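J.: Shown below is the structure under consideration.
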Amino acid sequence: MHRKGLFTPYAGILDKDVSEGPDPPVSSTDENLERGNWANKREYMLSMVGYAVGLGNVWRFPYLTYKNGGGAFLIPYFIMLAVAGIPLFFMECSLGQFSSQGPITVWKVVPILQGVGVTMVLVSTLVAIYYNVIVAYSIYYLCASFQSPLPWSGCFSWSDANCGVTPKEFCNVTSENGTATMVNATWLTDNNETCPAADIVSIPMQSPSEQYWDLVALQRSEGMEEAGEVVWYLALSLLLGWLLIGASLFKGIKSSGKVVYFTATFPYVVLLILLIRGVTLEGSREGIEYYIGTQSNLTKLAEAEVWKDAAAQIFYSLSIAWGGVMTLASYNKFENNCYKDSIIVCLTNCGTSVFAGFAIFSILGHMAHVSGKPVSEVAQAGFGLAFIAYPDALSKLPVSPLWSILFFFMLLTLGLDSQFASIEVITTSLQDTFPSVFKSKGSQLTVVTCMVLFLLGLPCVTRSGIYWVTLMDHFCGGWVLLVAAILELFGLCYIYGGNRFIKDIEMMIGKKTSWFWLWWRSCWFFISPCVLIVILAWSLLTFSIPTYGSVAYPPWGVSLGWCMTAFCLVWIPVCAVWKVLQAKGSLWQRVKTACSCTEDWGPFLECHWGERYQKKQCYWRKGSLSQPNKDACVITNIHSVKL
């Protein structure tokens, strides 16, 4: 049977049927005339790299590296890449490409676990809400960078009395009547006095960039309880972010595939420019050594926390169990080499993280040199690195607005192409699950999705918005994904059958030797599940109430976070019970039915069913062909009209 499904007598009929509606856009080179395919391999690979390489590669990985022993951290990092990252990424790519289905309908393979797909879509939805707020922060800072000097380069009119570059020093002075008072250096000078070292009191100050982030960019309130008004310029930045995403995805993968040529490659250009500029600055060597140089601490490898951080960073950086990997792979042609793609994307993602660390810490080293502080005092985690420490460092460079514009434009592109896949997860899942409602309305669905998510994101751009962003990040992107990934492995390896799944993969990439599959079997059946279970258990045992800086969350805020986690996970048992109730027979027979793949499980196109899926044979129009032509096949699916 011809893999391309070339079919002459009925080509006009099929072309007419699939081209009547405006969506999904297809072309004559598409193999799947109903769902469409990537225009070419480059667009798929760039989309995958753009999805995997995100903001975390720039601010989370460098921080974890210097925190966990510098260069020594790369040892557990790449071990976890081999035993958990690549195996799970390869599995999800293969599953999506084999079935040409999104993360919900792909669970025809194990219907009782369809709730795992629902969980993935809900997580992607919640993450898309707050992730685009971070994109909005980048847009705001990008616009603010078109000023000279940069507005956060000094303590200007917007700052308060606590703004300063160096700590304020006071002296404890005892007056003649025995009263202790604190005086500043000016008083000492005026009275021709000196202060003993033991009586000097140093009061730390907030840097201009830190105050600008809190007082100007966020207008941050004192806590989650004080919502305050919507910060109008952040709301406009959020709207612009959603407009960019909606325009890029208006025609699905056909339009986003063109946009990623820029959004997936531009960050590398900026990182290279920043690295070249950074290593030429005085003090850059100290920053790089602190990041991954002579200060590497191999004794850190004996700490369990280091291995947990390495595994968690690999897992979240590759976006495993978010649904995006399956979604993007589902638009591949059937015989695409998904194994080779998985290796390339995973190595590119991890290489980008290491590369970004050099660019970031070379400039932080210069900042530490200028301010006379150790690198550890200028390097911060998360938002602090991206919107406080690094902008502060850039403000000290010659032609600082140029470097600031490049940096925040890079953050914008990193955020956008990661968002593309998240929105595709939502729209593709709706189109695959409810084809009669959404299949021909892809553009409208994209617009409505972006509008709804924009409205849901407005609480995140109020004065208490940063607390909501941090809360959602803490509770939506953690344990939920680990549970989904563990069930994914369990369902495919132990319910559907790992060896059976391997035969499905070989239908796409060709027959492989038993030695080739030995490693992947070991990871899928044992190593990867154990790693994820350990991470999950460790995360739950070491759980602490989230904070933003020194601000603790109220009990109702923490309860709301757990409710978000429960809302994502509850669909797993709900869907499992529903599938069992839908089946017929005794309880055991119902469970067996719910654990067995559905009749329409298999490759999306009939011409790819092969001998293993003979029950789904191509349908031939009697009388038109006297005998079945092995090189001709009608491209249909289980919902198409039989000819």
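Using the three backbone atoms N, Cα and C, a Cβ is placed for every residue, glycine included.
Quick paste of what TrEMBL says about this protein:
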- 14-33: region 'Disordered' (REGION)
- Gly50, Ala52, Val53, Asn57, Ser317, Asn349, Leu414, Asp417, Ser418: Na(+) binding site (BINDING)
- 73-91: transmembrane segment (TRANSMEM)
- 112-140: transmembrane segment (TRANSMEM)
- Cys155-Cys163: disulfide bond (DISULFID)
- 230-250: transmembrane segment (TRANSMEM)
- 259-276: transmembrane segment (TRANSMEM)
- 343-364: transmembrane segment (TRANSMEM)
- 402-423: transmembrane segment (TRANSMEM)
- 444-466: transmembrane segment (TRANSMEM)
- 478-497: transmembrane segment (TRANSMEM)
- 518-539: transmembrane segment (TRANSMEM)
- 559-581: transmembrane segment (TRANSMEM)
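Give me the local environment of each listed feature.
T.: Taking Cβ-Cβ distances under 8 Å and a sequence gap of 6 or more within the same chain, the neighbours of Ser418 (Na(+) binding site) are Gly50, Tyr51, Val53, Gly54, Leu55, Tyr131, Ser319.
Same-chain residues lying 6 or more positions outside the transmembrane segment (402-423) and placing a CB less than 8 Å from one of its CB atoms are 47, 50-51, 53-55, 57-58, 124-125, 127-128, 131-132, 134-135, 138-139, 141-142, 145-146, 150, 241, 244-245, 248-249, 256, 259-260, 262-264, 266-267, 270-271, 273-274, 277, 319, 322, 324, 327-328, 386, 390-391, 394-395, 446, 449-450, 453.
Within its own chain, the transmembrane segment (478-497) has Cβ neighbours under 8 Å at 88, 91-92, 95, 107, 109-110, 112-113, 116, 119-120, 123, 315-316, 320-322, 524-525, 528-529, 532-533, 535-536, 539-540, 565, 568-569, 572, 595, 597, counting only residues six or more beyond its boundaries.
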J.: With a Cβ cut-off under 8 Å, give me the same-chain residues at least six positions beyond the ends of the transmembrane segment (112-140) that come close to it.
T.: 55, 102-106, 217, 233-234, 237-238, 240-242, 245, 321-324, 326, 387, 408, 411-412, 415-416, 418-419, 422-423, 425-426, 429, 453-454, 456-457, 460-461, 465, 468-469, 472-473, 476-477, 480-481, 483-484, 487-488, 491, 495, 564, 567-569, 571-576, 579-580, 591, 594-595
J.: Write out the long-range same-chain contacts of Cys163 (disulfide bond), meaning residues 6 or more apart in sequence whose Cβ is under 8 Å from its Cβ.
T.: Cys155, Met205, Gln206, Ser207, Pro208, Gln211
J.: Restricting to the same chain and to sequence separations of six or more, state which residues have a Cβ under 8 Å from that of Leu414 (Na(+) binding site).
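T.: The answer is Val53, Gly54, Leu55, Asn57, Val58, Pro267.
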J.: Cβ under 8 Å, sequence separation of at least 6 from the ends of the transmembrane segment (73-91): give me the contacting residues as numbers and ranges.
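T.: Beyond its ends, the transmembrane segment (73-91) has Cβ neighbours at 64-65, 292, 300-301, 306-307, 309-311, 313-315, 317-318, 320-321, 325, 338-339, 342-343, 345-346, 350, 354, 485, 488-489, 492, 501, 520, 523-524, 527-528, 531-532.
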J.: Which residues does Ser317 (Na(+) binding site) neighbour through Cβ under 8 Å, counting only same-chain ones at least six apart?
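T.: Non-local contacts for Ser317 (Na(+) binding site): Ala52, Gly54, Gly56, Asn57, Arg60, Phe61, Gly85, Asn349, Cys350, Ser353.
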J.: In the same chain, which residue numbers or ranges, 6 or more beyond the ends of the transmembrane segment (559-581), come under 8 angstroms Cβ to Cβ?
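T.: Sequence-remote neighbours of the transmembrane segment (559-581) are 111-116, 118-119, 122-123, 126, 471-472, 474-476, 478-480, 483, 487, 546, 553, 587, 590-591, 594.
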J.: Enumerate the residues of the same chain, Gly50, Ala52, Val53, Asn57, Ser317, Asn349, Leu414, Asp417, Ser418 excluded, that satisfy the criterion Cβ within 8 A of the mean position of the Cβ atoms of the recorded Na(+) site; list them in sequence order.
T.: Val49, Tyr51, Gly54, Gly56, Ser319, Thr352
